[in-house]
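These come from TrEMBL:
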{"type": "TRANSMEM", "residues": "15-38", "note": "transmembrane segment"}
{"type": "TRANSMEM", "residues": "53-75", "note": "transmembrane segment"}
{"type": "TRANSMEM", "residues": "82-100", "note": "transmembrane segment"}
{"type": "TRANSMEM", "residues": "112-133", "note": "transmembrane segment"}
{"type": "TRANSMEM", "residues": "153-174", "note": "transmembrane segment"}
{"type": "TRANSMEM", "residues": "186-206", "note": "transmembrane segment"}
{"type": "DOMAIN", "residues": "199-333", "note": "domain 'Fatty acid hydroxylase'"}
Amino acid sequence: MAQDSSRPRIGEGRIGSSLCAAIGVLSAAAVLCLRYPAFLTTPELRVHYDVELLRLTLAIAMVVGAWLGVLGIVLGGPRVSAAIGLSALFLATLLGGPYVPTPDFLQPHFYLGLDWLVLDLFFTGAAFVLLEWVFPRVRPEQGPLSPGWRLDLAYFGVNHLLIGVFLVVSTHFAHDYFAWAISPWLQAHVVALPAIVRFVLVILAADAVEYISHRTYHEVPWLWRIHAVHHSPEHMDWLSGSRLHFFEPLATRALVLVPIVLLGFPQDTIFAYLIFISVQSVLIHSNIKMDVGWLRYIIVTPQFHHWHHASDAEALDKNYAAHTPLFDMLGGTWHLPKDRWPVNYGTVKPIPGGMLGQFVHPFVGPVKEFLEHRNP
């Protein structure tokens with residue numbers, strides 16, 4: 001049987017050089033977080049950190065990263081990747097390394113979620129690059145990263161850095177505009193439910209909003225121009241779900257937070273929900289080919305969501321749900337052939353390829369129409 005050349009193999013240097021680049025860049029970012037926590041870390045996450053454990057982990061990672069970079073060069077791996085990683089590790093050392101002093105500070109009103117970016121990219125990347133390497137793939141010829149990974153990574157970075165803006169806007173939206181609908185009686189009954197029932201309820205409540213908003217993105221032409229950015233990847237992998245026009249995560253988080261606030265879920269339920277959607281949202285975009293049996297009727301799977309991203313005629317405007325296919329079954333938009341996966345992905349009509357072009361894409365059409373009406 002022919003070997004899969006897209007899979008990196010032990011001893012050829014690609015793995016070491018690539019890991020060095022990833023570890024180096026993440027280490028430099030982590031040192032910046034330790035040096036400037038007021039402006040680069042997320043308050044909701046910061047309170048849970050064991051800083052000394054993080055410093056020790058960072059120190060070990062930097063040593064391992066340097067060793068992998070040298071090994072990658074010796075074995076003939078990509079020198080550019082190794083050079084990027086070793087340079088980033090050198091920069092991290094110049095900035096103070098893992099034991100750089102962390103100053104006392106007052107929390108400013110604005111911050112960037114660089115810590116969230118580092119943690120999510122490290123754990124998610126490590127898990128899903130390994131899974132897409134080891135397990136059967138939807139597109140066997142595709143490596144651990146799709147051809148569009150650079151643009152996807154740029155979106156991943158920007159949307160994670162803006163988490164502070166998303167949290168502030170969505171929280172104010174839910175509390176300021178829907179405080180009148182809060183019922184202490186209802187919230188008390190929700191809190192009294194068993195933990196597993198609360199978890200199922202928060203999934204259903206959030207997904208009901210996701211289904212309605214997602215379907216609206218597809219059926220309202222101007223909103224589709226925003227959502228088309230998310231559908232533009234022609235190859236699916238663990239990073240492709242990050243490609244979102246900046247308006248979309250802002251609006252979706254604000255809308256989904258409304259039922260969560262109104263029902264008054266306790267922190268443990270919200271935390272469990274956040275863990276679930278963090279894993280599921282990456283999994284369903286991944287290049288992993290899995291058969292989950294009867295679970296395909298209960299939870300959204302990679303096969304289900306791949307059909308949503310397909311540009312095949314049979315798949316258009318199907319499978320809007322984010323967590324469970326229940327709402328698609330009720331809404332008549334469920335589409336899940338038993339043993340088939342899509343052939344083609346992306347949008348039927350192409351959209352601009354770069355981040356700037358995709359950012360302005362939703363506004364270009366309306367502006368053109370306005371100018372045409374003014375100057376017939």
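From the backbone N, Cα and C atoms, a Cβ is placed for every residue, glycine too.
Averaged over the domain 'Fatty acid hydroxylase' (199-333), the predicted model has a pLDDT of 94. For the transmembrane segment (82-100), the most Cβ-contacting stretch among 53-75, 112-133, 153-174 is 53-75 (pairs under 8 Å). Taken through DSSP, the domain 'Fatty acid hydroxylase' (199-333) splits into 91 helix, 2 strand, 42 coil.
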